[in-house]
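Annotation source Swiss-Prot lists 5-phospho-alpha-D-ribose 1-diphosphate binding site at Gly79, 82-83, Thr87, 89-92, 107-115, Ala119, citing sequence analysis. According to Swiss-Prot, the feature anthranilate 1 binding site maps to Gly79, Asn110. Taken from Swiss-Prot, the feature Mg(2+) 1 binding site applies to Ser91, Glu224. Feature annotation from Swiss-Prot assigns anthranilate 2 binding site to Arg165; the stated evidence is sequence analysis. Summarising the annotation, Swiss-Prot assigns Mg(2+) 2 binding site to Asp223, Glu224 and lists sequence analysis as the type of evidence.
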Amino acid sequence: MKQILYKLFEHQYLGRDEARTILQNIAQGKYNDVQVASLITVFLMRNISVEELCGFRDALLEMRVPVDLSEFAPIDIVGTGGDGKNTFNISTAACFTVAGAGIPVVKHGNYGATSVSGASNVMEQHGVKFTSDVDQMRRSMEQCNIAYLHAPLFNPALKAVAPIRKGLAVRTFFNMLGPLVNPVLPTYQLLGVYNLPLLRLYTYTYQESKTKFAVVHSLDGYDEISLTNEFKVATCGNEKIYTPEGLGFARYQDTDLDGGQTPEDAAKIFDNIMNNTATEAQKNVVVINAAFAIQVVRPEKTIEECIALAKESLESGRALATLKKFIELNNK
């Protein structure tokens with residue numbers, strides 16, 4: 001590791017194979033916590049390259065516990081995290097909204113590393129038992145239209161670095177990797193990122209894959225569509241900037257999206273959204289993220305039509321019914 005760190009300190013970049021080997025060594029416990037933290041710190045000081053990101057991703061996918069749910073052609077909706085905003089669980093709520101609209105979802109999530117509550121915290125608050133049983137996940141897809149994959153069960157490297165990430169409490173390149181290594185390798189993905197260089201990096205990375213995707217970024221730094229500012233959406237062949245007002249929404253304040261101080265606070269906000277009793281800001285932010293996810297799967301629909309489908313899922317109670325059925329099936 002010493003030679004690797006010296007190389008990085010001299011502002012050199014890792015090759016794809018080199019990055020792959022480093023991640024494999026981390027997963028196998030060949031480096032101590034201080035060495036891993038030093039490596040992580042380098043990538044806090046500069047942007048990661050496409051080659052480095054692809055190499056890290058190669059290692060994680062090679063070591064993953066594979067899950068074949070390809071018959072469902074599902075979508076994952078995920079943010080990188082690490083934007084420092086402590087929002088409520090927007091992408092998780094959007095997942096159940098999309099599933100309620102009839103589109104299969106495989107949510108790949110983890111505990112919060114830089115926020116109060118990650119997707120796995122919300123699931124635990126609802127009594128969900130995490131599993132790597134593929135048959136159980138297939139039943140969940142068949143009966144609920146959604147399955148949840150707790151990342152550490154499927155990737156030893158993510159589990160190995162979890163205490164270090166929690167101790168640092170800042171975004172790391174593992175925030176960037178999490179969305180790229182859903183063990184299902186979903187057919188579709190909506191990914192939120194916290195800055196424009198990362199939006200371009202993910203767009204280049206996804207263009208090398210078979211995944212149909214959209215990468216979103218709010219220009220004031222959110223790793224999802226926040227409706228607090230203009231936002232950019234990048235797909236395989238297009239980039240476009242939208243305004244909240246142009247899509248019929250108000251422009252909200254940062255405080256409108258606050259996730260609370262505890263996992264219990266975050267779970268309460270999540271429940272309010274599912275019960276259609278949330279604030280206008282909370283509801284509409286979930287709707288707009290769900291809408292762009294729906295459009296990834298159904299590109300023939302206009303974004304206005306997708307917004308209507310997302311609203312209907314929440315307002316009709318179908319998103320809530322999906323959540324209740326999911327909890328019932330997955331808390332045993």
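The backbone N, Cα and C atoms fix where each Cβ goes, glycine too.
Sequence features annotated in Swiss-Prot and their locations in the structure.
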residue: Gly79; record: 5-phospho-alpha-D-ribose 1-diphosphate binding site; Cβ contacts under 8 Å, 6 or more apart: Ile90, Ser91, Pro179, Leu191, Gly192, Val193, Tyr194, Asp223, Glu224
residue: Thr87; record: 5-phospho-alpha-D-ribose 1-diphosphate binding site; Cβ contacts under 8 Å, 6 or more apart: Ser115, Tyr222, Glu224, Ser226, Leu257, Asp258, Gly259
residue: His108; record: 5-phospho-alpha-D-ribose 1-diphosphate binding site; Cβ contacts under 8 Å, 6 or more apart: Asp76, Val78, Leu149, Ala151, Phe154, Gly178, Pro179, Val181, Asn182, Pro183, Val184
residue: Asn110; record: anthranilate 1 binding site; Cβ contacts under 8 Å, 6 or more apart: Gly118, Ala119, Ser120, His150, Ala151, Pro152, Leu158, Ala162, Gly178
residue: Tyr111; record: 5-phospho-alpha-D-ribose 1-diphosphate binding site; Cβ contacts under 8 Å, 6 or more apart: Gly118, Ser120, Asn121, Ala162, Lys166
Per DSSP (three-state), Ser91 (5-phospho-alpha-D-ribose 1-diphosphate binding site) is helix
According to DSSP, does Gly79 (5-phospho-alpha-D-ribose 1-diphosphate binding site) sit in a helix, a strand, or coil? strand
Once the chains shown are all counted, how many other Cβ atoms turn up within 10 Å of the Cβ of Ser91 (5-phospho-alpha-D-ribose 1-diphosphate binding site)? 25
Kindly assign His108 (5-phospho-alpha-D-ribose 1-diphosphate binding site) to one of the three DSSP-derived states: helix, strand or coil. strand
